[in-house]
């Protein structure tokens with residue numbers, strides 16, 4: 001095999017490795033068994049003779065008495081703060097601080113170990129092609 005064919009083969013391997021490293025993993029599929037057929041339910045015929053209703057003894061209501069004093073509204077409570085903007089939300093206050101620059105979240109691609117390994121293999125193949 002000449003060197004150009006070998007380089008083309010290695011380059012195709014690099015391309016396939018790079019594509020596989022970036023492709024998402026297939027979702028696992030579960031096969032559910034088909035539902036089993038249930039026998040038809042037969043309705044039972046009601047008996048032709050109806051039973052008489054059972055008498056219910058209702059309790060007698062208690063006599064109601066009217067209150068002697070009329071209800072009066074209670075005075076408002078004063079321990080709650082008055083509605084309105086608080087002192088910290090005035091237009092002259094500074095905006096809230098942003099996220100700390102040193103606390104950046106890791107990249108999702110580099111957190112995936114399969115992507116990292118695939119990229120390392122692709123880099124090795126690329127180095128072989130350029131050598």
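Residue numbers in this text run from 1 along the chain shown.
Quick reminder: no glycine exception, Cβ is built from N, Cα and C everywhere.
Here Swiss-Prot flags 1-21 as signal peptide.
In the three-state DSSP scheme, residue 22 (pyrrolidone carboxylic acid) is classed as helix. If you draw a 10 Å sphere around the CB of residue 22 (pyrrolidone carboxylic acid), it holds 14 other CB atoms from the protein chains shown. Feature annotation from Swiss-Prot assigns pyrrolidone carboxylic acid to 22; the stated evidence is experimental evidence.
Feature annotation from Swiss-Prot assigns 4-hydroxyproline to 24 (among others).
Look at Swiss-Prot and you will find 24-106 tagged as region 'Disordered'.
Annotation comment: Swiss-Prot describes 24 (among others) as O-linked glycosylation site, evidence class sequence analysis.
Annotation comment: Swiss-Prot describes 25-38 (among others) as compositional bias 'Pro residues'.
Residues annotated as 4-hydroxyproline in Swiss-Prot, with experimental evidence given as evidence: 26 (among others).
Residues or ranges marked as O-linked glycosylation site in Swiss-Prot (evidence: sequence analysis): 26 (among others).
Cβ environment of residue 28 (4-hydroxyproline): no same-chain residue six or more positions apart lies under 8 Å away. If you look up Swiss-Prot, you'll see 28 (among others) marked as 4-hydroxyproline, on the strength of experimental evidence.
Residues or ranges marked as O-linked glycosylation site in Swiss-Prot: 28 (among others). According to DSSP, residue 28 (4-hydroxyproline) is assigned to coil rather than to any helix or strand.
Taking the Cβ of residue 34 (4-hydroxyproline) as centre and 10 Å as the limit, one finds 5 other Cβ atoms among all the protein chains shown. In the three-state DSSP reading, residue 34 (4-hydroxyproline) counts as coil. Positions annotated as 4-hydroxyproline by Swiss-Prot, on the basis of experimental evidence: 34 (among others).
Here Swiss-Prot flags 34 (among others) as O-linked glycosylation site.
As annotated by Swiss-Prot, 4-hydroxyproline applies to 35 (among others), with the evidence given as experimental evidence. Every protein chain shown contributes to the tally, and the Cβ of residue 35 (4-hydroxyproline) ends up with 6 other Cβ atoms within 10 Å.
The feature O-linked glycosylation site is assigned by Swiss-Prot to 35 (among others), with sequence analysis given as support.
Swiss-Prot lists 49-64 (among others) with the feature compositional bias 'Pro residues'.
Taken from Swiss-Prot, the feature compositional bias 'Low complexity' applies to 65-76 (among others).
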Inter-residue Cα distance where the pair is residue 22 (pyrrolidone carboxylic acid) and residue 34 (4-hydroxyproline), in Å: 36
Residue 22 (pyrrolidone carboxylic acid) and residue 35 (4-hydroxyproline), Cα-Cα, nearest whole angstrom: 39
